[in-house]
Every structure is written in structure tokens, then in C-alpha cells.
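Note sheet for the following structure.
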């Protein structure tokens with residue numbers, strides 16, 4: 001099921017090639033369809049949105065906006081264990097993200113000059129939550145909590161209606177717990193366009209976040225600039241670094257926890273121990289049969305999974321940095337010494353008792369992470385993603401006079417004489 | 001030249017409409033051309049890059065990479081005033097941006113759990129610098145200095161060759177001062193593609209920043225995801241808020257300093273004083289005749305400029321927030337009281353002696369700012385733009401056991417049984 005290959009060989013290159021091939025080009029047909037949806041929603045507002053809802057979701061829900069009462073009812077009627085788990089997760093997520101919050105600063109200088117940077121939450125943010133089996137309450141928490149902490153004034157959620165024309169109640173519970181302000185029963189590219197431009201019913205937002213299918217992702221990409229968006233997420237992935245002290249039973253379970261997401265997910269283990277490699281392969285065969293999503297797991301493991309055996313730890317670390325995985329588990333004897341060596345990853349899980357699902361649901365750091373090698377330059381979703389910064393400058397007459405020669409020199413060097421003039425008229 | 005209109009009227013709406021219309025849709029023809037360039041550079045590397053350089057720049061420079069000696073010579077031979085002005089600007093820019101730097105954090109809890117966030121500079125960044133009349137040394141400073149402060153290990157500059165097959169020496173001076181590591185004589189979409197994919201000669205980078213024409217901007221947009229990019233910049237703009245204490249001579253000069261950038265630039269004044277409006281209009285007529293770029297200024301002022309007279313200060317502030325200008329000058333009696341009220345702007349200039357060119361060249365805050373109303377959600381270029389964050393999680397066996405019930409509850413609620421399994425196998 002999971003090929004075991006040696007580092008630096010042809011098989012390893014093929015595996016890495018397959019990994020990269022998952023994030024293909026933007027599909028032209030999808031782009032054409034989505035462009036038309038966006039244009040119609042921009043021009044016709046609710047009328048267009050309702051047409052698309054009818055077309056794609058089968059029928060219009062009785063009300064597009066979910067009432068506050070229905071949201072509160074979802075929370076009241078929810079299973080106690082579920083609510084308690086969400087509340088505990090919320091506490092951890094809020095605690096971690098509170099540490100990311102930055103203050104505005106001011107720098108008043110002795111000569112009277114004052115410089116500063118003001119940081120403020122965005123006015124209104126849209127959160128897309130998929131329907132069907134991908135309606136994940138944890139995703140609501142991971143997007144809404146940092147937005148709230150950043151000081152976003154209003155969070156507007158959109159989610160496709162169920163067949164009964166309702167919202168998924170689990171999603172509403174998470175929304176109630178996180179203080180989502182409004183919920184609309186809308187899905188697909190039309191929901192994204194409605195948030196970007198605003199309609200008679202749906203308020204215009206400043207940023208759109210949250211996962212979605214190819215239509216949602218394409219709409220976000222096309223509307224980048226009209227609004228801000230979060231990262232463009234690709235298929236999920238895990239890389240496990242393991243030495244001979246690792247526990248094959250855990251390794252196998254963790255690889256499969258990622259592989260179950262979808263057939264494009266990738267689970268790779270890089271190890272310095274051939275013995276661990278062999279034992280993990282056996283554990284995979286054994287455990288997979290007990291899992292409900294075993295068909296997905298088998299497919300993703302055989303297409304985008306692998307165990308790579310390295311000669312040295314340095315070689316293993318270099319490979320991990322090259323792959324730049326979304327999730328990186330360090331099952332090594334002294335996991336902490338690798339934090340500084342691992343350049344590129346979304347989130348790093350250290351030691352035997354930090355399995356990836358701990359980060360997905362509970363520990364506190366965000367689970368919205370850069371995929372497909374983009375951890376080279378993208379970062380986990382954070383409070384920073386929901387703020388806007390403004391710089392400000394105050395100069396005194398004397399300070400500007402002193403600077404005037406330099407400014408005029410630079411402006412004239414660039415041929416921008418009206419820039420120079422705005423200094424000269426003052427003196 | 002500059003229409004004076006009353007707030008909340010039809011004329012005002014027309015002016016704002018014209019302002020928004022400047023950032024049009026992506027041009028399909030340009031996109032097709034750029035897509036082909038990108039694909040060829042990806043597949044054929046230097047061969048394709050050289051073909052495009054020949055085609056668009058007329059001839060191949062003798063060497064694609066500028067030697068260290070040539071960079072150093074540019075600095076040695078440069079005009080003393082110019083170097084001194086750049087060094088003073090560099091000091092101010094570095095001083096301001098140093099305040100933006102954030103530390104990695106660690107949160108070790110009493111139960112042995114350790115959470116953290118590591119912040120590190122990107123490995124390698126590409127800086128695009130246009131050629132011809134838009135070869136601005138100040139742009140090199142504003143992009144390279146925050147990258148250096150963020151800890152970027154290597155800054156690679158690309159800039160189109162001059163007719164003599166050389167680099168613009170002013171750009172090299174700025175590059176030398178900022179510690180740019182390598183300079184390549186490449187321009188256009190082919191330069192952006194070379195940086196994104198790497199070629200035999202040009203190293204692959206993690207992020208591409210810097211201004212450019214429509215081909216460069218389109219290439220950056222299309223390559224977003226392969227690499228990170230900075231904001232997609234639209235035409236420049238200024239909004240001046242003025243009350244009856246403002247000085248029409250300064251107001252006129254500052255409006256024109258923005259209008260001279262190009263015919264799509266926008267300069268708008270919002271004032272509570274009809275008298276100031278009239279006097280500023282007169283000053284514009286008078287001063288414009290003395291300026292070398294007067295044709296550009298007249299055209300941009302008449303098409304995208306205007307003076308809007310408001311009844312109240314609140315009305316003026318609301319209008320400024322709606323327009324969300326790149327540059328916002330506050331020529332009001334008590335300018336500081338507006339910092340908190342002004343929601344949306346790239347950079348705010350306070351009082352009579354903070355003209356916009358002070359920020360372009362010298363004061364310290366970045367001059368790469370959100371345009372076309374995107375200050376609603378985008379921020380000035382900053383040190384944050386050049387870092388990558390990684391979160392890390394360590395749990396003890398006991399801590400995971402305590403959390404296990406909640407994690408299994410949430411995983412099973414989402415139907416992700418392999419996620420639950422990775423917890424269960426441990427206990």
C-alpha cells in the first residue's frame with residue numbers, strides 16, 4: 001500500500017513529483033463558469049444569487065438568513081459532550097491566538113517628529129463553511145476565533161443549505177460559541193461573490209476566509225483585490241520524521257489520519273531506520289482495515305504516500321525542508337532540537353504524544369496551514385490576517401526644513417519635480 | 001482644471017465612480033501573452049528568458065548578472081548629495097521598520113505542554129525594479145530594507161537593461177546601500193517567471209515584490225501560489241482633508257505631487273471650507289505652469305481629481321473612510337484627533353509639514369501602500385511581509401490523555417475516524 005523507497009533515488013523523485021503535481025493549474029472551464037457567476041452577482045445581486053442557489057442547491061431555503069433564535073436553539077439542543085469539547089478547544093485556541101496580537105505603536109522623537117503604526121481589526125469578514133460531509137465545526141473555530149481576537153467588528157458566515165433548506169446544526173453550534181454575527185444559507189461561487197460585492201441581503205465584507213471546493217477557491221482567487229482572501233488551500237499533507245525510537249503503531253495511525261481527508265491527501269514518512277519503516281508498513285496494513293474511510297486512505301497512500309529511508313538525520317531534515325509540508329511530526333528522540341532546523345512547515349508536532357489531530361481540533365495553534373510546499377513562504381492563519389495597519393507621520397516645520405534638501409535631491413533624481421515642489425513651496 | 005463639487009451630490013458620485021473605475025478587470029489579451037511567457041520560462045529556463053529579452057529589450061546584455069564590482073563602482077562614482085540623501089533615508093526607514101519586528105514566542109504550561117510560534121525571515125526574495133523613467137532608487141530602499149530586517153537571507157534584484165545593456169546606476173547605488181545580494185538584467189513577465197521557477201542562471205525565490213507595468217503585475221498575479229507576492233498595486237492616489245486653517249499653497253502643491261505620477265493618478269481634496277476650496281483651485285492653476293510634468297498633472301486632475309466641499313467634519317471623515325485612499329493628508333487644526341477616526345488609509349500625513357513626498361522618500365514608514373480603496377483590508381508593506389511563521393506543539397502523555405475524550409468527540413462528529421484512531425491507539 002505504502003511504497004518504501006530509499007532517499008536520493010529515482011523512486012524518491014517520482015514520489016516528490018507526484019506530490020507537487022497535485023496542485024495543478026487553474027482549470028479554465030471552472031474559471032469561465034465562476035467568472036460568469038461573479039459578474040452576474042455583481043450586476044444583479046440577490047436575483048442572481050437566488051437563481052444560482054435554485055440551480056445548484058435544488059431549492060431556495062425559506063429564509064436566506066438564519067435567525068438568531070435558530071442559532072441559539074442549535075446550541076441549546078446540542079449534545080453536551082460536543083458542546084463541552086468545543087468550549088475546551090475554544091479556550092485553547094483563544095489562549096494561543098491572544099499571544100499573536102500586536103499593539104499599535106508610536107515613536108515620538110526628541111525633535112518633535114512623531115511616527116506611528118495603528119493596528120485595527122477589519123470591519124467585516126466573511127467566513128465560508130462548506131456543506132455536506134465537509135461541514136466541519138472545527139473550521140468555524142479556527143477562522144472565527146482569530147478574527148474576533150483581531151477586533152473584527154462583524155463576522156458573516158455563509159454555508160450551503162441542507163436538503164431540508166436548513167443550516168447544518170453542528171456548524172450553528174460552533175458559530176454560536178465563537179460569536180459569529182450573522183449566518184446566510186448560501187454556497188458556492190455565488191456566496192463568495194455576494195460577500196465580495198454585497199447584495200440587497202448579504203453585506204459586503206473586507207476579507208473572505210474558509211475552505212471550499214474548486215468553485216469556491218476559484219471565486220476567491222478571482223475576487224482577490226476586490227476583497228482580501230486567505231491562502232489558496234491545496235490538498236492536505238503530513239510528513240513524519242521518525243528515528244529508531246519512534247513507535248510504528250503511532251506512526252501508522254498518524255499517517256492515516258491525514259490520508260483519510262481525500263484521495264489527493266499525502267502522507268509521507270521520512271526515517272533513518274529501515275526497521276521502523278518495515279514495521280510501520282505492517283501497522284498500516286493492519287490498522288487500515290479497522291477504519292471507516294479505508295478506501296480513501298488506501299488510494300491516497302498508494303498514490304501520494306511513501307516511506308523514505310535516509311542514511312542520516314541531516315538528509316532527513318533536508319528532505320523535510322524541501323517538501324515543506326503542511327503538518328510535520330517529529331518522532332525523534334530529542335524533538336525540540338529540530339524546531340530550529342526545520343525551515344519550512346505549517347505546524348510542527350513534537351514527540352510521541354502530539355499527533356496531528358491534536359492540532360486539528362484542540363491544542364490551540366491554527367489548523368489553517370499552508371499546503372503543497374507553500375510553507376516556504378506562507379504562514380498559518382493568525383490574528384495578523386484579520387487586521388489592517390496604517391502608518392502615520394507628523395513633522396514639525398524645523399524637522400521638515402532640515403530634511404528638505406535630501407527629499408528634493410531624491411525627488412529630482414527620480415524626475416518627480418512636483419514632489420520636490422511640495423517641499424519647496426513650504427520654505 | 002479641478003472640479004469643485006458639493007458632497008452627497010451627483011457630481012460627487014461621478015467622481016468616486018471614476019476613481020473606482022481606474023482599477024479595471026484583468027486584461028484578457030495581456031493574460032494570454034503573459035501565460036505563454038510563464039509557461040515557456042518554466043519549461044525552457046534561460047533559453048526562453050534570453051529569447052524574450054532579445055524580443056522586448058532589443059538585445060542581450062553582455063552579462064545577465066551585474067558583477068559585484070559594477071555595483072560597488074556605481075556607489076563610488078555616485079553624486080555625494082544623492083548618496084548622503086539615500087543614507088539618511090535608509091537610516092529613517094530602518095529605524096521605523098525595526099519597530100515592526102516581532103519575536104518568536106514559546107508558551108510552556110504547568111502541565112508540561114509547550115506551544116509556540118517561530119518567526120523567521122524568508123530564504124530568498126526577488127525584487128523587481130522597473131527600467132526607464134520609473135527606475136526609482138527609493139523603491140529599492142522601501143522593498144529591500146524591510147526584507148533585510150525580517151532576516152531574509154538573500155535578496156535578488158531584477159531590472160531591465162538600459163539601451164546600452166547596462167543597469168541604471170542610480171538603482172545600483174540604492175542596491176549597494178541596502179545590501180541587495182545579486183542583480184540581474186532582466187525585465188518584464190519573463191523576469192518574474194524566472195524568479196518564480198528559477199533558471200540555470202537565476203535563482204528561484206520564495207516571494208516577489210516591487211512595482212511594474214501591466215505585464216509584470218499580471219505575471220505576479222498568475223504566479224501567486226508558486227511564490228508569494230506583494231500587493232497588486234493600482235494607480236496612485238492622495239486624499240487631502242482640509243479645514244479653514246489649511247494653507248492653499250501647500251494643498252495645491254501636495255495634490256499635484258501625487259497627480260504627476262501618471263494620468264490615472266487621483267488627487268482629491270475634501271474640505272469643510274468653500275473659501276479654501278476656491279483658493280486651492282487658484283493655486284493649482286498658478287503652480288502647475290511651473291512644473292515639468294504639467295501635462296500629466298492637468299490630465300489626471302481633470303479626470304480623477306476633485307475638490308469636495310462638505311457641510312461638516314464628520315461628513316468629510318466618512319467620505320475619506322469610504323474612499324480609503326493610499327495617501328491621506330490631514331490638514332486640520334488638530335490633526336492627531338483624526339488618527340483614530342480615519343479607518344481606512346495606507347499612510348496618514350498629519351499637519352502642515354508632513355507633505356506626502358516626505359513619506360515617499362524619507363520619514364521612515366513604507367511607501368508601498370494599498371491603492372484603489374484596498375486600504376479597507378490591505379496594509380503598508382512591512383517586515384511582516386518577509387517572514388514565515390511556524391507553530392509548534394508538544395504534549396505530554398498525561399496531557400494528551402486528558403484531552404483525548406474531547407478530540408475523539410470532535411473527530412467523530414466530523415466523521416473523521418482515522419483522526420480519532422490516532423488518539424485511541426495511544427491509550
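Placed from the backbone N, Cα and C atoms, the Cβ positions cover glycine too.
Remember, it's a predicted structure, so these values are computed and weren't measured experimentally.
Residues B:236, B:258, B:261, B:327, B:414, B:419 are recorded by TrEMBL as substrate binders, and the candidate that the same record lists for that site, out of B:206, B:360, B:384, is B:360.
For residue B:258 (substrate binding site) paired with residue B:327 (active site, proton acceptor), the C-alpha to C-alpha distance reads 9 Å.
For the pair residue B:414 (substrate binding site) and residue B:326 (active site, proton acceptor), the C-alpha distance works out to 44 angstrom. Just so you know, of the binding-site residues B:213, B:236, B:258, the Cβ with the fewest other Cβ atoms around it within 10 Å is the one at B:213. Closeness to chain A is evaluated for the recorded positions B:213, B:236, B:327, B:360, B:414, B:419 by Cβ distance, with values under 8 Å counted; counted residues in sequence order are B:360, B:414, B:419. If you count neighbouring Cβ atoms within 10 Å for each of the recorded positions B:326, B:360, B:414, the highest count belongs to B:326. Each residue contributes its Cα atom, and for residue B:128 (NAD(+) binding site) and residue B:360 (substrate binding site) those atoms are 18 Å apart.
There are 27 other CB atoms within 10 A of the CB of residue B:327 (active site, proton acceptor), with all protein chains counted. Across the fold, the C-alpha of residue B:190 (NAD(+) binding site) and the C-alpha of residue B:261 (substrate binding site) stand 25 Å from each other. Distance from the CA of residue B:326 (active site, proton acceptor) to the CA of residue B:419 (substrate binding site) is 46 Å. Ranking the binding-site residues B:261, B:419 by how many other Cβ atoms lie within 10 angstroms of each Cβ puts B:261 at the bottom.
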